[in-house]
Amino acid sequence: MSADVHTGRLRFTKMHGAGNDFVVLDLRNGTPPPDASLAARLADRHFGVGCDQILTIETPRSAEAVAAYRIWNSDGSHSQQCGNGARCVAAWLVREGTAQGDVFTIDSPFTAHRVERLDAGTYSVAMGVPQFEPTQIPLAGFAHARDEYALPVHGETVRFGAVSMGNPHAVVEVGRVDAAPVERVGALLQQNAAFPESVNVGFAQVVDPAHVRLRVYERGVGETLACGSGACAAAVVLMHRGRVERDVRVSLPGGELRIRWAGEQAQVVMSGPAVFVFDGEWNQ
């Protein structure tokens, strides 16, 4: 698929990973990327195509990569990391013939990702090494990493773990994820001065040591059916606390992901689906 975002016609591919949905644009022909206004209109579910994020395919930035991609949230802002998006980009590149073989590398705004095709619709992505130091998240007001932080938020104390997966995450452990105050607490933490770059907020329920249920309130989007980097963040925070095993199944409203982390300086590996929905053309 190719795109010309300034002539009125925009060809795209609609995809999703566990319900986290994307509009994929190929900008490798030199077409300039969409500005924030156009990205927000394209992502609008009533007046545009509708998606959580827009993924733009671009020429690689590193020698080992077959292509690069950037991420636009539905409000027009940028994101540094998107695990479900990485799998969808990988599947798109395989279908278009850009990626040869079952193992290859793609560049995200955050880092270069090693990708492996496990079968026709399932991919694993090396998501990078999690960063727990507050300065790297970033999380203001704390000098050293902790398993649990506490912040006073509108008269209540919110307790959470925090980690960067290339983007900031707070993880709130709850007894029942279905009853979690996702929108209320998610929005409050995103607006809190302790998170100078805002934050993705996950609400995680440990079902058993090999299974976690999760809902995520994302920056620039709101609650989504799935968040790949959020699943990684929840898993590693819970692994760090000894609450779950090093290989865990994460159930989100839109589907399931598998997260593996050997510990400390190892990369987190996420596996899950990448689904083509349709190809289309949008008349702006």
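Cβ coordinates are placed from backbone N, Cα and C, and glycine is handled just like the others.
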Listed co-binder of substrate (same site as Asn20, Gln53, Asn73, Gly83, Asn84, Asn167, Glu218, Arg219, Gly228, Ser229, source Swiss-Prot) among Asn29, Asn200: Asn200
How big is the Cα-to-Cα gap, in Å, between Asn200 (substrate binding site) and Cys227 (active site, proton acceptor)? 9
Whole-number Å only: compute the distance from the Cα of Arg219 (substrate binding site) to the Cα of Cys227 (active site, proton acceptor). 11
Which one of the binding-site residues (Asn73, Ser229) has its C-beta surrounded by the most other C-beta atoms within 10 angstroms? Ser229
Annotated substrate contacts Asn20, Gln53, Asn73, Gly83, Asn84, Asn167, Asn200, Glu218, Arg219, Gly228, Ser229, maximal Cα-Cα distance (Å, integer): 17
According to DSSP, which kind of secondary structure is Ser229 (substrate binding site) found in, if we only use helix, strand and coil? helix
Could you say whether, by DSSP, Asn20 (substrate binding site) belongs to a helix, a strand or a coil region? strand
